[in-house]
Ligand code: SAH
Ligand code: SF4
Ligand code: F3S
């Protein structure tokens, strides 16, 4: 008799931290025999790893739960259904009331308890665990066990979680709890393990990553900059990135790291949210537009080729036309290479949701469209400005056709390399030959091109 391996299907919504957490959940369940599948139909356990940041994101979970219920009826067997992530934290047991198909609810700080919760759910209990046990999570979820094949040459590593900033629109301080940093030793060990498995690029994750203050080997709190410099020493690792930062926490040593550390990529996601000081104040961002621009100038002074990205919210309560115009201006003043734009979404329990001066849906839609159009123009111009440039690409996978390889530029744009003999995981020098709105086209430059020619001659 063969015992069937139970299958796990995780669908993640929201930010990259959820992507990282999804891998940790799979790791936590692996000792119980769970193998991952990418087909919900095959799964014995379905985990929806949810996001609560905007209303649309939060509602997705309920439509997905409806689909899962129907799928179960059609299959004639009901998989176990778990809701994890930030909706789980925000709504807890309410989820089961609204969607009885759900067997267990687990908040983002309790994934280390997932195997036990799954056993309880199997026994017919309906466990709900939304405790903030972040220290416990960090200490027990630190060891990835699955082989590299499923991971590729880039990886995320969460270095801090939670947020103490309380921007007046945002649910994160409530769903992820207070800011907590992992120790340097844990992060170094995890990153070394990833590098040993062939990972060449690591992106450090945190809701407020530049507020990182984990305990160093000397017993003192280390800054993000110090951590980055330490990780840069790890053999095999070629590139470091980090996201997402808050302007208030951007230290001088982090600026210096952008100047001094070659492995730290010249790309920065630093949201400003609005260009209007009145709105920034109402958002509780605790900086002005001028502070932000000064900071960007200092970072660019340290790293002139820096590509800047950010987030914007339009239609925050009380936002008038002149506030929005200030946002339009800062897009050009800060010279964004790209940015994400959102319509303000009132979130239950956040201060801004209760405020007067909520902006009409029509005004939000119009502002979003104008802002988005300007950002798209900037993005296309940025991509075009790179044609003819030479830089390194980390090769992440084979392209669609023979001789094509795909990877990313230092600025995070996807690059298609034509006529490349490079292997996945190699960092190769390219010359950009063309640009599209989202990706670049390139040919091997310098040494690599010689290789191709020699190879062509040898086989002629
Ligand atoms: N910690 C990060 C971002 C967290 S959420 C930071 O501080 O920048 C990602 C983005 O979602 C935010 O930058 C913001 O632009 C957007 N966002 C957050 N809450 C929102 C809301 N209630 N409505 C619309 N957009 C929101
Ligand atoms: Fe949310 Fe503000 Fe914290 Fe970012 S800094 S997670 S926007 S509260
Ligand atoms: Fe969403 Fe939670 Fe991330 S609300 S954006 S999944 S921290």
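Including glycine, each Cβ sits where the backbone N, Cα and C put it.
Caution: TrEMBL annotation is automatic and unverified by curators.
Features of the protein shown, as given by TrEMBL:
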type: BINDING; residues: 15, 51, 86; note: [4Fe-4S] cluster 1 binding site
type: BINDING; residues: 163, 167, 170; note: [4Fe-4S] cluster 2 binding site
type: DOMAIN; residues: 6-123; note: domain 'MTTase N-terminal'
type: DOMAIN; residues: 149-381; note: domain 'Radical SAM core'
type: DOMAIN; residues: 384-446; note: domain 'TRAM'
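TrEMBL feature annotations superimposed on the structure.
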residue: 15; record: [4Fe-4S] cluster 1 binding site; DSSP class: coil
residue: 51; record: [4Fe-4S] cluster 1 binding site; DSSP class: coil
residue: 86; record: [4Fe-4S] cluster 1 binding site; DSSP class: helix
residue: 163; record: [4Fe-4S] cluster 2 binding site; DSSP class: coil
residue: 170; record: [4Fe-4S] cluster 2 binding site; DSSP class: coil
Model confidence over the domain 'Radical SAM core' (149-381), averaged pLDDT = 96
Query = Of the binding-site residues 51, 86, 170, which ones put their CB under 6 Å from ligand 1?
reply = 170
Key: Neighbouring C-beta atoms (10 Å sphere around the C-beta of residue 170 ([4Fe-4S] cluster 2 binding site))   = 22
Inquiry  = Checking proximity to ligand 2 here: which binding-site residues out of 15, 51, 86, 163, 167, 170 have their Cβ closer than 6 Å to it?
reply    = 163, 167, 170
Cβ within 8 Å of the mean position of the Cβ atoms of 163, 167, 170: remaining residues of the chain near [4Fe-4S] cluster 2 = 165, 166, 169, 171, 172, 173, 207, 208
Key: Alpha-carbon distance [residue 51 ([4Fe-4S] cluster 1 binding site); residue 167 ([4Fe-4S] cluster 2 binding site)] in Å   = 17
Request  = Return the members of 15, 51, 167 (the binding-site residues) with CB less than 6 angstroms from at least one atom of ligand 3, or none.
outcome  = 15, 51
Remark   = Here the Cα-Cα span from residue 86 ([4Fe-4S] cluster 1 binding site) to residue 163 ([4Fe-4S] cluster 2 binding site), rounded to a whole number of angstrom, reaches 13
Message = Cβ within 8 angstroms of the Cβ centroid of 15, 51, 86: which residues besides those meet this for the [4Fe-4S] cluster 1 site?
response = 13, 14, 17, 18, 50, 52, 53, 57, 85, 172, 175
C-alpha spacing of residue 170 ([4Fe-4S] cluster 2 binding site) relative to residue 51 ([4Fe-4S] cluster 1 binding site), in angstrom = 12
Ask   = Hey, of the binding-site residues listed (15, 51, 86, 163, 167), which one tops the CB count within 10 A?
value = 86
Ask   = What is the interatomic distance between the Cα atoms of residue 163 ([4Fe-4S] cluster 2 binding site) and residue 15 ([4Fe-4S] cluster 1 binding site), given in whole Å?
value = 14
Query = Whole-number Å distance between the CA of residue 170 ([4Fe-4S] cluster 2 binding site) and the CA of residue 15 ([4Fe-4S] cluster 1 binding site)?
reply = 14
